[in-house]
Each structure stands twice: as structure tokens, then as C-alpha cells.
Amino acid sequence: MIILSVETSCDETSVAITKDGKTVLSNAVLSQIKIHQPYGGVVPEIASRAHIESMLYMFDKAIKDAGIKVSDIDLVAVTQGPGLIGSLLVGINAATTFAYANQIPLMGVNHLLGHIYAAQIEGEMKFPLLTLLVSGGHTELLLVKDHLEIELLGTTLDDAVGEAYDKVARMLGLGYPGGPVVDRLAHQGEAIYNLPKPFLKNEPFNFSFSGLKSSVLNLVHNMKQRNEPFKVEDVCASFQESVTEVLVQKTKDAANNLGVKQIVVAGGVAANKGLRTKMKERITDLEILTPSIKYCTDQAAMIGIAAYYQFKKQGALKDYYLKGSSAINFI
């Protein structure tokens, strides 16, 4: 089964061609990072306009790179949410138009489901499994019992982990996107500052990073007030040590309690080298499945893989009406 998939939930424009829920025939991705860098973050209206400008080119590139014809496509899948509503609508309208014009079945896919199924591209998901989903907008622990059978165990009570990284980067004047810069600098410094590790004892599966973020702000502010010299690398290392310790320990505890066969680490923050390293060092009795870096970030291949399994269980839409949502329910 050949699927054309579209992903425009935030600031990456991506169109992919996948086959049988496993093989990626093409995965065209166009990042808008340079467009948004002067503003210190994603500007929704600018993101939407950039998607519009590149959409036709990305459709053409994905089909050509895959070496297929439009008539070979069995299903069109598109990210339905969550995400920036303007960006989502660009992708949905493009996918719907393409599907209707060529009379190909259409399906909407949850963006977060796509992140989970990115692990299936280069590995083999073994159920039941535990997923740590970490991104700029989400931090969740999920019990995946089978294909599309997902139970939300815990989530963030305030800042998502990727959001916390970006805010700390902004405090330190590191620019946008901040997460990769903090990760890189953390490896050049030492975790010499004793920052809090918010484990939330009464809520073992939930997360909270706002207090840690505030502690970093206070630490830097106080050192500047005292004219005390400090290395940004050490601040980054201390922050990352606290974040990864919480993420890894909560994941380990949940896996032990639930008796899962595998752990999947997914989402944009799954590209973080500190997290990937600590996860493998601390959890040695279970297989840890983490997508390669190119499949951690937003791209359409993961949407195509998820769509294959969703189609097998639910089928396609009965018509070509698809509504986007910035806060679509995951479960």
C-alpha cells in the first residue's frame, strides 16, 4: 500500500511517500528555521504563508523522489492536529484537494501518533510498550497496548520539556531554536550547579518543568547581580542533568511497574544526545527504540507510517471533509 502523507503542524513543510507501513520511498522536508530566527520563535502567520509558498513544490518533489506515478498512490494522509491551526489548514487543504482531484481515499492523522510510529521506520515495535513522547509542545508517558490502543499515563502540568529548553536558551541569549544549542553546550560544560529535579512524588507519571526553569533564571540573575563569573556551558549542563534525570527515572519506574516489552522515546526532544545517552546507560534490561535524528523531528514519513496502521483498523474517510484542530484529543 503506497501512501502520500503531508505534515504542516508547525514550521516544517513535509510531504512523503511510504509503503506498507515500513518503507520510506521519499521524505521531502523544508524547514523554516531561518525564516523565524529573527523573531526568536515561530510566528504563526509567517509559518502559514511559507507552507503555502512551498506546498506544490514539495508534492512534486516527494512524488519524483519516490519514482512513482500519482496513479500508484492508494491513500492520502495528512496531519489533522495538534499544531498551529493556520499551518494545519494549509496542509489539510492541499491534501484534500489532491486526494479529491485524483479520487484517492483521504485520512487525517494525529501528529503525536506519527511521532510514536516514527520508531517503526527503522525498528519493530513490540507490544505492550511504553512511550516517552517529548517535544516542544508535549511531554507524555503513554502505554501503547497494541496498534492504536494507547493509554495516557501522565503529562506535563505546565511547560513541555522542549518549551523549557527554548525558554532557558532565551534566558542565556542562545537564540532560536534553543534546544539543540543547550544540548551541545551541555556536553562542553559540567553540571556543577545543584538545580531541582522535580519528581512529583504524589504524581509519579506526571511532569513539571516550570520550577526548574525559574531556578535557572534565578541562578543566572543572582550570579550577574554579584558580578560572579560563570560559564554558560555549566548552566546548560546543570539544567540538562536535571531534565534528563527526571525523564529517564520516571520512564524507568513506569516501565518496571507496567511490565512492558519495550520503551520508545519519540518526539523532537528525542534527538537530544544527553537524553539518548542517559536512557541507554540507565535502562539496560529493556530494548529502547529511538528513531534516528531525522525521524525525531517533524516530517511526513511518520504520518504515512501511522496512517497505514490506522487505515487497517479504521479505514479512510467516507467523504473528503477533514477539520483541523490545534488541540485534538490524542486518546
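Cβ atoms here come from the backbone N, Cα and C positions, even for glycine.
What you are looking at is a predicted structure, and each value in this text was computed from that prediction instead of being measured.
Swiss-Prot names Leu133, Val134, Ser135, Gly136, Gly137, Gly179, Asp183, Asn272 for binding substrate. Of Asp146, Asp166, the residue it gives for the same site is Asp166.
Within Asp285, Asp298, the residue that Swiss-Prot lists together with His111, His115 for binding Fe cation is Asp298. Secondary structure at Leu133 (substrate binding site), taken from DSSP and collapsed to helix, strand or coil, is strand. By the criterion of other Cβ atoms within 10 Å of the residue's own Cβ, the least surrounded of the binding-site residues Ser135, Asn272 is Ser135.
Once the Cα atoms of Leu133, Val134, Ser135, Gly136, Gly137, Asp166, Gly179, Asp183, Asn272, the listed binders of substrate, are compared pairwise, the greatest separation found is 18 Å.
Summary of the Fe cation site environment: with the site residues His111, His115, Asp298 set aside, the chain residues having Cβ atoms within 8 Å of the Cβ mean position are Glu7, Ser9, Thr79, Leu112, Gly114, Ser135, Gly267, Gly268, Met302, Ile303. For Asp298 (Fe cation binding site), the nearest neighbour among the binding-site residues Leu133, Ser135, Gly137, Gly179, Asn272, judged by Cα separation, is Ser135.
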